[in-house]
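Asks: Sharing a structure here in structure tokens format.
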Amino acid sequence: MAASGKLSTCRLPPLPTIREIIKLLRLQAAKQLSQNFLLDLRLTDKIVRKAGNLTNAYVYEVGPGPGGITRSILNADVAELLVVEKDTRFIPGLQMLSDAAPGKLRIVHGDVLTFKVEKAFSESLKRPWEDDPPNVHIIGNLPFSVSTPLIIKWLENISCRDGPFVYGRTQMTLTFQKEVAERLAANTGSKQRSRLSVMAQYLCNVRHIFTIPGQAFVPKPEVDVGVVHFTPLIQPKIEQPFKLVEKVVQNVFQFRRKYCHRGLRMLFPEAQRLESTGRLLELADIDPTLRPRQLSISHFKSLCDVYRKMCDEDPQLFAYNFREELKRRKSKNEEKEEDDAENYRL
């Protein structure tokens, strides 16, 4: 768990405020990119404090925008800050910060979904997975449009120990829509419990540390924003391939209001569906009438372990997708209807 560190006394020289930079460069948040600017440095400082002690740390900031959190990170006396920004309009403002902190800020124009951060920092920063987290941190005020796909991507990286996690158990402090933040940290049985809850918590210690009211952002989003801290676990709570866990969890939660057996049935082809689902539940010792939100990580571990054995017995099972089966069936029905219509005309 990250310590709540104090910001360093190392300060940037006097600079225009973020609001002044936005006016100077005539910046406007792009709605299509789900951009919302956080201008209150008290709040950006708080985000950085909650990331832990960043003195002499190497930080990767995603989506810096006009540079509000960027300033707070630089004021924490980091060794180096790498920012990756997709929108070229923000580069001049970030360059202004780089000039004010020589040798501290590295700016990359790129997409966080494809950027290879595993090559960004020195090999000397790498630590064994079993050690304390490395002196590498990820911090970001994520655009809502990319927050969920990005955290899923990083969770898979944690599972494989690649991407940003080649350095070890790299900690992350990120913003999400409040509803998503609550789902990520939701306990078993809560109404917010979801696919994201299980996928994040089987791999990480997840904490929803505080909420920022939407009115603190420009433009004001329709929702509040939650700040979430992730520390990868030394040992994942489910020791199966990420894609297998993801498939089981997705199938269970696609019918979140039904009993869990309803979603689990979709793991199997129709011809063997009832028999295989019954076997899965019996071997995993799961009550079929539990709702998805009532299933603990231990329940999912049992389900994934048994499903893995069933996939080993039938190598084609893992590739099965019930939606593809529905498409094929629909296509056959349409062909039959066309044949029937043609025969009727004849």
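Just so you know, glycine gets a Cβ as well, placed from its N, Cα and C.
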Asks: Need a hand: Swiss-Prot gives L38, E85, K86, D111, V112, N141 for S-adenosyl-L-methionine, which of G63, G67, G163 is also on that list?
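Replies: My reading of Swiss-Prot gives G63 as the candidate in that site.
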Asks: State the count of C-beta atoms found within 10 angstroms of the C-beta of G63 (S-adenosyl-L-methionine binding site), not counting that atom itself.
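Replies: Result for G63 (S-adenosyl-L-methionine binding site): 24 neighbouring Cβ atoms inside 10 Å.
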Asks: Provide the three-state secondary structure of E85 (S-adenosyl-L-methionine binding site) computed with DSSP.
Replies: strand
Asks: Look at the binding-site residues E85, D111 and tell me which residue has the greatest number of other C-beta atoms within 10 angstroms of its C-beta.
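Replies: For the binding-site residues E85, D111, the Cβ with the most other Cβ atoms within 10 Å is E85.
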Asks: CB neighbours of K86 (S-adenosyl-L-methionine binding site) within 10 A?
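Replies: K86 (S-adenosyl-L-methionine binding site): 19 neighbouring Cβ atoms within 10 Å.
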Asks: Across all protein chains in the structure, which of the binding-site residues L38, V112, N141 has the highest Cβ count within 10 Å?
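Replies: In terms of Cβ crowding, the pick is N141.
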